[in-house]
Every structure is written in structure tokens, then in C-alpha cells.
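Enquirer: So Swiss-Prot says this about it:
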type	residues	note
BINDING	C333, H384, H510	Zn(2+) binding site
DOMAIN	1-61	domain 'TGS'
REGION	242-533	region 'Catalytic'
Amino acid sequence: MPVITLPDGSQRSFDHAVSVAEVAASIGAGLAKATVAGKVDGKLVDACDLISNDATLQIITPKDEEGLEIIRHSCAHLVGHAVKQLYPTAKMVIGPVIDEGFYYDIAYERPFTPEDMAAIEKRMMELIEKDYDVVKKMTPRAEVIDVFKARGEDYKLRLVEDMPDEQAMGLYYHEEYVDMCRGPHVPNTRFLKAFKLTKLSGAYWRGDAKNEQLQRVYGTAWADKKQLAAYIQRIEEAEKRDHRKIGKQLDLFHLQEEAPGMVFWHANGWTVYQVLEQYMRGVQRENGYQEIKTPQVVDRILWERSGHWSNYAENMFTTSSESRDYAVKPMNCPCHVQVFNQGLKSYRDLPLRLAEFGACHRNEPSGALHGIMRVRGFVQDDAHIFCTEDQVKKEAADFIKLTLDVYKDFGFSDIAMKLSTRPAKRVGSEELWDRAETALADALNESGLEWEYQPGEGAFYGPKIEFTLRDCLGRNWQCGTLQYDPNLPERLDASYIAEDNSRVRPVMLHRAILGSFERFIGMLIEHYAGVFPAWLAPTQAVIMNITDKQADFALEVEKSLNGSGFRAKSDLRNEKIGFKIREHTLLKVPYLLVIGDREVETQTVAVRTREGADLGSMPVAQFVELLTQAVSRRGRQESE
């Protein structure tokens, strides 16, 4: 007779094995109707699954994050149902949940078209309206093989082969369609009404370009139509903010086929890049970092010693010269250890903070490249702190404070911090892991901000802190990291002389704040929709004359502003002033200065903002003060 304990501590007793759905019904009809699945003793199960022994139970509904994931997973199965009805010769592969949606990979004789996607979506809606139950059957392995053989589902059979230890598998039936899954899934299609298919793409079986190409159908699903509409609106806004589109409009950069994953920076974009670099250079100098520069191409011997050659070679660009093999560096850390190793180091030299704006290259798959967000050639704001174990906590705490201050300067204040702890497969003693994790946790606590653990997500050699930024559209971007590493100093024989004259390995803290300049600039473009704060804008002010008579004064103002360290340009074209204002507003220049006869006479400028605000006429010195304040504020609000 199972006793079921609910989240509020109340208990319900039953005189027989009871399903999650039955427990929900015993509580109330409304909850029974909303039940998607259950969590029994912390494990997700289907609503139809039986509970035979005493257990804790949480009823999962569409309001729960797990419920939303289950809805999305079931929508992927619904894609399979619709596709098999419309295209009976299609072979179904896999259909997992992804962030805010799902996809299904399908093998078919031709690429799907937008018309196909519309037809699949229409059929899915028709199937949902049938309001049928999704039936789960735990099925012996041999029978599962027979089911998929009879249906000619070759890929499903290959997936069964990948699980030799599974003696029984869950089959989920959508009427005549059957799919294999660990589950759980929704009990009825009524939960799937708030969905939309979003795009088509190609994919490879098992993600390997050497394998056959598949069709990938993407979609999203939500708890209700209101959430779906909000998501669609957010996606439409994201498309307007696409950094590739804005990059072209503002003449920031371009990419071309002859250099896949490599950025051609134009003057405007390179200006933004240089502002970032100069800002980070100043920040690091103020915080005790020494800037260095290391080679781009390094002999494979170093990569073998560091372990990268055996674990990362397929992502490295390589070349040969005079019977020696070289690699273009995919990361800076082994080279930084070489700088540390030059000359004897004492405990008095630590902590030693080495920073580099290091150009790295990684041979990313062409299908993974995305604008300047995912590239093959990039520059990191990379640094490595060599320190004693006792110094780790302070160095981590200082880095956390520095990182959060930098993000505020770029207009990001919603930051999630996570501590990734020891994975199952790891090196080093438990005592070392305890000390490392405690030092990083204590540093996070000193920040006074909320943070969370990511159990088991650390590297095999040490824990790490991750910083995730939330942009104006609510999207999360993982940027900064602080990685504890006692492993690379060991591999590359780094040491210092301790107070007792013994040789000791330093702890190496890998750290980055922006991540890569390219990706961070892409984020900034989309976060601001190209409307950069004044300190980042490629052109901060444009001076426009009304007639040729004001040209000389316009040039004087331009010279004065540039001489004061600002980025100003004159537009002396023989065009109507309204045309000029509109053009530079579209180019998102923060300040538009108009000069007519009255301004020449009074030696002033009429100031407008790109938002259309008329700030009136003022002396150039007053405008310089206004612009100085705007630039010094960086991306922070006036109240910060």
C-alpha cells in the first residue's frame, strides 16, 4: 500500500499500485487535466507510470520547466507522425529538445522546402485536433528491433545497436506512428497546441560530415499560445537585430567565401574593436596585469607536451616546414607557460598575471560558423594568473569584481555566476579538489551576489567559474571564465622556489572576461541593435552645414572635436539638411550637429540626438562637456 508524499508534506495512501495520473486525479480534476508527467523520488516519469512503493511525488504541469521540455520533446515526435503521413518513405532519425525548442533529423530523398515545412505544420495541427492519447509501452529489445525492421526504420535500428545493455525500451505510439524514447512524454496531444515550426537546415548522421546528409526540421513549443506569441515576437526582434544585417548597414565588417570564419573588419567596425581593446588594455594594466605577445605558429612538440596534439589536433590548423610540423595556436595558455618558465621564479614573484590579446585559430566545421559569433580566427582577452594555492581565493575574488565592473561598463547588469565542480572522470586528489572548489566558492560568496553550483561540470583537472550575461531580449551569453588548473604547469614543468627553497608547481588560473572580441562585438551589436553608447560608436558626432557658407566653420568644429579625442566627421555635401539628418540617424550616430548662418555668427552648434531630441544651440565647449560626460558614463545608466 504505497504512501505518496507531496511537495507540501501532505500524504496520500493507496491500497494498490497507483499511476501519477491517478494521484493527480485524487487531488483534483483541474490538476489531473494539467498533469504532463511526474517526478517520483526526484526522477521524471510518465503520467501513466505506476508507483508501487512509498515515494515522494511532484506533479509536473506545463508551468514547470520540466513540463515545457516534455511538451517540446513530444512535439518532436509529432513532427515524426506528420512527416510519415505526408512522406511515407522518409526515415526518422532523432528528435531532441534544444534551448527553447526542438528539432527532428530525417533522411529523405530530397531536401525539404518551405512549402514542405508548412505542410508538416498543418498536418501537425490536424493531428493535435484529434486529441488522441499518446500510449507508452515498455517493450523487450528483440520486439523493438522487430517493430522498426517491419517499418524500415534503419536509423532507429542503428540507435538500438548503440544501446546493447538496454533489455527493454520505451516505445511511444502516436496512433499508427511509433517512436523510441526514454521519455517521459505528454499523455495527450492537447498539450501540444502552442507550437510552431521555425526553420529547415541540413545535418549529418552523428554530426560527421563524412556520413549521409539529413534534413533537420526545427520548431518551438510553449505552455500556451500567449507564451508562443511572445517568443515569436522576441525572435522577430532578434532577426531585426541580427549582427550580420546591422554589420552591413553600418559598414562594420564583412565575411566572404574565400576566408570562411575570418572577419574583414571595415573602418567603422575596426574602430569599435580598437575601443574595446584599448579599454581592456587599460583595465588590465590598472589591475596588475603584464601584457605580452606570443607566437602564432608553434612546433607540434609543445602541443604534444601540453596534451593538445592528442586531444585537439583535428581542430588545429597545421603546416610543415623543413621537416618540422607546426600548428597555428588555437589557444594561448601553453605559450604563456613558456614566458613564465623564462628565468627563475620565486614565491615573491607571485601572483604573476600575464595578459595577451591573443590571435587564435580553430578549424571549426563550416556548418557551425555564424557571422562573427562563431568564427575560425578570433582574438581573446586572454590572461593567466600564476599563483600559490593560498593566493587562489583572493585572485578569484579580485577577478570576479573586475569582471562584473567591466560588464556594467558595457551595459550588462544581469549576470549569472556558476561554479562547475568535479566531474566523475578527473585527476588529482579529493583534498586538492576540496581546496580548489572551496577557494572559488568563498570568492563567489565575497561578491555578495547570488550564484549556483553546476555539479560535475568542471574540467577533468579543476573547477571553474562561468559568467553568463542576459541581453535585452532575455538571451543568455556565456562569456567570462575563471578556470583552476594545476595540470598544465605540471605538463610543461612550470615551477617556482618556495619559502623553504623547494621547487613547487604554481596554480594556473585561466581567465577571460569578454571571451573573444569578435563574439562580444556581435553580442553588443545585437544587444544595442547597432545603437552603440557614445563611447563605442564608430562616429560620435557628425557636423552638417546647411549651405556652403558654413563649410569652414563646420571643418573648424570637426578639428576641435577630433583634437579633444573624439571621433567626429563633417558632412559638407550639397544635400538638403533633412536628408543628411535622416541618413546619419539611420547610421545611428549619437549626436548630429547642424550649422547654419546663425550658428556661424554665434559660434555655436545646434545639437540633435539620433533619437530625435533637440538639445538646442550651444557653444562647442559646452558640447564637448556634454559628449565627455556621455563617453565617461560608457554603457551605464546615469543613475549608476
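Using N, Cα and C of the backbone, Cβ positions are placed for all residues, glycine too.
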Enquirer: Determine the minimum-neighbour residue: among H384, H510, listed as binding-site residues, which Cβ has the fewest other Cβ atoms within 10 angstroms?
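Expert: Comparing Cβ neighbour counts within 10 Å for the binding-site residues H384, H510 gives H510.
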Enquirer: Measuring CB to CB from C333 (Zn(2+) binding site), give everything in the same chain under 8 Å that is also at least six residues away in sequence.
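Expert: Long-range Cβ contacts: S306, D382, H384, D485, L488, M508, H510.
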Enquirer: Determine which residues of the same chain, besides C333, H384, H510, have their CB within 8 A of the center of the CB atoms at the recorded Zn(2+) site, and list them by sequence.
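Expert: Leaving out the recorded residues gives M331, N332, H336, V337, D382, A383, Q483, D485, L488, M508, L509, R511.
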Enquirer: Using DSSP, tally how many residues of the domain 'TGS' (1-61) sit in helix, strand and coil.
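Expert: For that range the per-state counts are 14 helix, 24 strand, 23 coil.
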Enquirer: Check C333 (Zn(2+) binding site) against DSSP and tell me helix, strand or coil, would you?
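Expert: Its secondary structure by DSSP: helix.
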Enquirer: Roughly where does the domain 'TGS' (1-61) sit in mean pLDDT, to the nearest integer?
Expert: 94
